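Working notes, beginning with the structure itself.
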């Protein structure tokens with residue numbers, strides 16, 4: 001973009017204008033670029049492996065963000081360069097997020113990647129309390145004390161094209177500032193110079209040395225208490241209160257390693273469609289989620305329910321046998337069909353009448369340690385609605401709550417001992433162009449004050465076995481704890 005085009009867009013009323021360059025980066029990786037450009041508070045790295053087995057084309061590196069929006073319960077706090085500039089109470093923080101995003105008027109520039117910046121971060125599970133009056137208050141304590149919503153204004157990003165081995169660097173310039181175009185170009189030149197610099201190699205991680213190492217942890221439930229909670233849910237199901245509830249437990253351990261080393265280990269052990277590393281300054285969120293919560297792209301709303309799990313086999317023949325076993329399991333199929341119906345209902349709340357479709361039904365996706373039954377539900381976003389309306393309708397996912405959703409969440413509030421926080425919420429971005437891509441925050445670690453917290457649960461139905469449900473929560477955290485053992489080598 002030349003200076004005349006920049007000034008023309010400013011005259012059209014845009015108050016943030018993207019400037020960019022493209023360059024070859026075939027000697028770099030998304031991780032090396034993150035370490036060169038963004039290894040500081042309020043930065044992030046987003047990557048993807050499609051279907052559990054193929055790297056997604058684009059990785060996104062978010063440079064440190066100056067402006068951050070945090071919401072605690074109903075209190076909104078906005079800070080710029082670490083200094084709080086606004087604090088006020090808000091009846092509907094989700095509606096305010098939409099208003100806040102509208103402060104940034106950014107044109108769509110041809111030739112740029114589909115994500116060129118936006119609001120990036122998370123919406124916690126408890127955001128449902130802004131929407132559902134029956135869930136307006138949470139009776140449980142919140143020992144971590146993190147925001148219910150944390151969104152960074154991402155105004156400088158590097159998009160890594162894994163296929164072409166090149167990058168787009170994009171910065172937003174504010175045309176109200178003096179010499180805005182020249183300052184934006186100078187920032188791009190500075191980024192290019194930093195990209196040319198070598199990085200200090202990090203210590204290698206020995207994959208074999210981490211085998212079989214299981215750190216001791218403390219859990220929010222004892223085994224007896226968790227199994228009793230499962231029994232209580234089964235009583236509710238038999239009484240007709242609900243069909244399924246998804247309780248969870250939090251497991252916490254001491255953690256001394258660098259959070260980025262945990263991400264390195266996790267992307268090796270458990271590559272998934274949604275991998276993310278967030279440095280929020282006083283805490284980190286590091287995850288490898290297999291499941292989209294909701295995606296909105298050019299008006300198409302997508303959810304992709306996952307339910308039904310088997311371990312991976314030792315070879316292709318064993319994998320196929322396990323697939324057949326999974327697809328012939330009546331309990332797993334019944335649970336999955338219920339979640340397809342829940343997904344259709346959620347998408348239908350914001351879609352044109354008759355536009356909701358199940359475009360994939362009960363296919364198997366393989367990941368590093370497990371395989372899942374997966375379906376795909378889409379709808380056309382109704383005119384006058386936005387991506388935030390879709391998020392409001394769908395958060396939290398049925399796979400993390402149950403059915404009927406509101407009654408299931410009431411039971412979760414009754415039985416779980418602590419507030420869920422990030423777990424079960426949405427992690428991802430709201431792009432300037434109106435698109436959104438969010439993952440369900442599962443298989444995700446929250447690192448704060450020298451401790452790592454990971455949460456896992458499972459769907460309880462009428463014939464669930466309490467002892468097996470406890471084991472399922474333990475098994476689901478194994479990939480994360482294996483990654484912890486690998487990351488901790490860096491401090492040994």
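Each residue, glycine too, has its Cβ placed from N, Cα and C.
Fair warning: this is a prediction, and the values are worked out from it, not measured in the lab.
Per Swiss-Prot, the chorismate site holds 308, 309, 423, 457, 458, 459; the candidate it also names there, chosen from 407, 443, is 443.
Cross-referencing 43, 48, 59 with the L-tryptophan binding residues that Swiss-Prot gives (273, 274, 275) picks out 48. Under the DSSP three-state reduction, residue 459 (chorismate binding site) is assigned to coil, being neither helix nor strand. Counting only the Cα atoms, the space from residue 423 (chorismate binding site) to residue 472 (Mg(2+) binding site) is about 17 angstrom. Taking Cβ-Cβ distances under 8 Å and a sequence separation of 6 or more, the neighbours of residue 458 (chorismate binding site) in its chain are 246, 247, 248, 469, 472, 473, 476. When the alpha carbons of residue 457 (chorismate binding site) and residue 335 (Mg(2+) binding site) are compared, the span between them is 15 angstrom.
Look at residue 423 (chorismate binding site): DSSP puts it in coil.
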